[in-house]
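Asker: Annotated substrate binding site per Swiss-Prot: SER18, HIS90, ARG139, SER147, in sequence order, evidence recorded as experimental evidence. Taken from Swiss-Prot, the feature FMN binding site applies to ARG73, ILE74, VAL75, VAL76, SER88, THR89, GLN94, LYS95, GLN117, GLN152, SER153, ARG205, supported by experimental evidence.
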Amino acid sequence: MNGSIQGKPLLGKGMSESLTGTLDAPFPEYQTLPADPMSVLHNWLERARRVGIREPRALALATADSQGRPSTRIVVISEISDAGVVFSTHAGSQKGRELLHNPWASGVLYWRETSQQIILNGQAVRLPNAKADDAWLKRPYATHPMSSVSRQSEELQDVQAMRNAARQLAELQGPLPRPEGYCVFELRLESLEFWGNGQERLHERLRYDRSDTGWNVRRLQP
């Protein structure tokens, strides 16, 4: 897709009155339309790191149960792969159970400081246990005890008992064995949208959709 954006703002900067970002956020890809969205994702994350976005990899991930009822939570993107983004969880958690029955998921990265967001849609695939072993050992060892004793998303009946169990494991120091349910998913992307706060409320939206031959890219109206 080719094209260019012409013309000048009529009313000065004219940014959205409903967003509170204070940092300039360059969006050169809106002009050049790169063929590969993963390169755009890498560029945005690197720029976010450089300008000091506090949690650039905090992804609001939405899944749905067998009846189509959605649920959302924040997960941390640990890796950008060729096919999508990687995150860790527990297989017995609500998201783990939902992804087992319905692998389709959608996530949003929102950066308040720059008034930017990235929407990621695709199918979540559980990766081999070797990948989970590696991810577990990369976590700070201080997180191992509670992650080992917790049965994520199950009812908590005795707070102190769980705390005591985690403290006992912490006395062992060093890494603990990976819990059986600790796993890693790759959200293999079928579409991405990069959103920037444009001038005169003409927000800059760049949409990528996977096709049989690669990616289709287009600008969207605000």
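Placement of Cβ uses the backbone N, Cα and C atoms for every residue, glycine included.
Explain the structural surroundings of these features, please.
Answerer: Contacts of SER147 (substrate binding site) defined by a Cβ separation under 8 A and a same-chain sequence distance of 6+ are given as HIS90, ARG139, PRO179, TYR182, in order along the sequence.
Cβ-based neighbour count (10 Å, all protein chains) for ARG73 (FMN binding site) stands at 14. In the three-state DSSP scheme, ARG73 (FMN binding site) is classed as strand.
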Asker: Sort SER153 (FMN binding site) into helix, strand or coil using the DSSP assignment.
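Answerer: Note: SER153 (FMN binding site) is coil by DSSP, not helix or strand.
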Asker: Could you work out which of the binding-site residues (HIS90, ARG139) has its C-beta surrounded by the smallest number of other C-beta atoms within 10 A?
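Answerer: Checked HIS90, ARG139; of these binding-site residues, fewest Cβ neighbours within 10 Å: ARG139.
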Asker: Please list, in sequence order, the residues in the chain of SER153 (FMN binding site) that are at least six apart in sequence and whose C-beta is under 8 Å away from its C-beta.
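Answerer: When sequence neighbours closer than 6 are ignored, SER153 (FMN binding site) has HIS90, GLY92, SER93, GLN94 within Cβ distance under 8 Å.
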Asker: When the number of other CB atoms within 10 A of each residue's CB is tallied over all shown chains, which of the binding-site residues SER88, GLN94, GLN117 has the maximum?
Answerer: SER88
Asker: Take the Cβ of VAL75 (FMN binding site) and count every other Cβ within 10 Å, whichever protein chain it belongs to.
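Answerer: Its Cβ has 19 other Cβ atoms within 10 Å.
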